[in-house]
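Encoded as structure tokens, the structure appears first; notes follow it.
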Amino acid sequence: MAGSRLPRQLFLQGVAAVFMFAFASLYTQIPGLYGAEGILPARKTLRPQGKGRWQQLWETPTLLWEAPQLGLDTTQGLELLSLLGTLLALGALLLRQLRTLLVYLLLWAAYLSAYQVGQVFLYFQWDSLLLETGFLAVLVAPLRPRHHHKQAPQGGLAGALPHEDLPFWLVRWLLFRLMFASGVVKLTSRCPAWWGLTALTYHYETQCLPTPASWFTHHLPVWLHKLCVVATFLIEIAVPPLFFAPVRRLRLAAFYSQVLLQVLIIITGNYNFFNLLTLVLTTALLDDGHLTATPGNSHCKKTASSWPRTLLAVLSLLLEFAVYGLLAYGTVHYFGLEVDWEQHAVHSRTTFTFHQFSQWLKMVTLPTMWLGVASLTWELLTALWRWTQVRGWPRRLCTAVQLLIFGTATVALFVISLVPYSYMEPSTHGRLWTGAHRLFGTVEHLQLANSYGLFRRMTGLGGRPEVVLEGSYDGHRWVEIEFMYKPGNVSRPPPIVAPHQPRLDWQMWFAALGPHSHSPWFTGLVLRLLQGKEPVIRLIRNDVTKYPFHKRPPTYLRAQRYKYWFSPPGEQSQWWRRQWVEEFFPPVSLGDPTLDVLLRQFGLQDKSPPRARSSSNTLAQALRWVRRQLSPLEPSTLLWGLLAAAGAIRVVQALHSRPHSPRSSPPGKEEKHRPAPKKDSGAATKRAAPAPDNCTSSSQSPGRKK
């Protein structure tokens, strides 16, 4: 098997980029969400219970416990963590020297600290996925930075530590759990839209934050939408087991299918950093040989190979054909694919029942776990074999300790992950080893392993529910309060927001699915808008002058529930059409008994003012100065600016490290002046892995490695 040095570097860079987006996006929203004048003040979540310092830290693992030691309140501590996390992630993205275990441990600890006080605004599956991925990055990252000359050449294994591929295997296992569970829950939910293959006829219109491409995709033919649902089931349920296929080309086919799905989702929906993070996970399906492949390598002369190698190649090819044939037959059979030549369409329908699918799931859940066990065992044996090739007792002892530590951590995390993975099949979950349940319960609050299941049920089948806030000075003339990102004005096109996640807009989408009492934070939003608190107003309109009540807060506030639909083709001036449904939140004003009862019921009353901090604190003053400089920028603009800056720096780095072409010299002169090889270079050459097909790797110069 080819090495995984380059995929590991891609993975670490990708995790750093996602952390940068996540921290920067969160930073822009902290005052409005968690400030003293925010919707859900963070200071209320950290109440000392009289416990010991370490017990308190273990039960609520957040660095914000130490904020008072710096003279900061909880909100300022959260801002400091977000700023430092953004800068540290940017550094790890740009500088190889910063992609170390310590840096990723700090990034993970900082985001976990924010997660502990984030409350409902940080309880999204991608936040949990980022924490789980971030912890895997801690294990994948090297203990200390390595210099270029210590790297193995061209995907070879010389200089590679025996344990390096073990934690990286967990990334592949995480990707499998994420995709397989996301496909399975769509069917176990019994959602009629998924079972009828009509989910995508609603999805583009009813998702939280559509893009302009969503409008065009929504109006594609119904048969094509249904065919895309079939492809989604194929990619999410049938393809993930190929992540562990022994044939490299099958793993690459699985990789490109996952990339295709994620890119299409990015184009048609604003899902912040989630799809980028999923793309980062797919790097575990790659290897050095694929990433360093050049057109010149295909013209290398292939020497005659031995008959066992030829037989293995033939068997691999036969296995590929068998897998592709089985996938094609299963898709046609279980989804009843029929080509209609007259209408130029492909018709599809589910030909299996819920009971049949449940029986199939019960039959395959445990074998998929054993598939993971078999794959992990192979990785452990491979790592053990590499350890036997280490020369020198001191180095062998050191690598043995590392292999023991990282091997134990890998096995432990795999066992822990089996518990949330088995949630999708209750009978298998009940038969799981009790030790795994106890181990998972011990570390569950650290978000080391989570259950996933995206788009479980399709909402808004009868129209997209949307909450529209309205304010008034006299209780008779009402003015709508339009948000920056979520649908409101029917003439405004859907925005492109990713990788920023406007967390208030997302929660407004969830709030519209039920009564306001199911979203207690909404009452806090109403209170802050009646009080005219600018940090909350900036969550709705970053440019405060565009907020209809920027001069004076409204006297009354209410909310209406509408149903939205994409406008039909031909209505050029409108992207949406809507219809009023019902009152979502009654008209209230400050001091209104209805509002006071709700505030008491949900524990949102300001019982005690925040503890005053010294205004002369240098760190607090610096944080306020940074906030003043960045607050005029729209959050999505800030994130795109960060991305552009990182891209520009990478271009400069690439140009700076570009090797200069040597001056031409007469034939034979280069050989004459070439330095003699060192005595120990022969041993290193023997340990290096041979290039595939006896091809040389001279097309890649060391100066081009990153």
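Glycine too: its Cβ is placed from the backbone N, Cα and C atoms.
Predicted automatically and left uncurated, TrEMBL annotations should be read as such.
Annotated in TrEMBL:
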type     : residues : note
TRANSMEM : 12-30    : transmembrane segment
TRANSMEM : 77-95    : transmembrane segment
TRANSMEM : 102-122  : transmembrane segment
DOMAIN   : 123-292  : domain 'Lipase maturation factor 1/2 N-terminal'
TRANSMEM : 166-185  : transmembrane segment
TRANSMEM : 223-243  : transmembrane segment
TRANSMEM : 311-332  : transmembrane segment
TRANSMEM : 369-388  : transmembrane segment
TRANSMEM : 400-423  : transmembrane segment
DOMAIN   : 448-586  : domain 'Lipase maturation factor 1/2 C-terminal'
REGION   : 656-706  : region 'Disordered'
COMPBIAS : 668-681  : compositional bias 'Basic and acidic residues'
COMPBIAS : 694-706  : compositional bias 'Polar residues'
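Below 8 angstroms of C-beta separation, residues 12, 15-16, 19, 22-23, 26, 29, 33-34, 40, 42, 45-46, 60-64, 74, 78, 81-82, 84-85, 88-89, 91-92, 130-131, 134-135, 137-138, 141, 446-447, 503-504, 507, 521 of the same chain, each at least six residues beyond the ends of the transmembrane segment (102-122), sit close to that stretch.
Proximity of the transmembrane segment (77-95) to the transmembrane segment (12-30) is established through 3 or more Cβ-Cβ distances under 8 Å for residue pairs spaced 6 or more apart. Cβ atoms under 8 Å from those of the transmembrane segment (369-388) belong to residues 1, 157, 160, 162-163, 165-166, 169, 173, 176, 241, 244, 396, 399-400, 403, 407, 410-411, 414, 418, 421-422, 428 of the same chain, restricted to positions at least 6 beyond its ends. Confidence in the domain 'Lipase maturation factor 1/2 N-terminal' (123-292), given as mean pLDDT, stands at 91. Below 8 angstroms of C-beta separation, residues 230, 234, 238-239, 242, 245-247, 249-250 of the same chain, each at least six residues beyond the ends of the transmembrane segment (311-332), sit close to that stretch.
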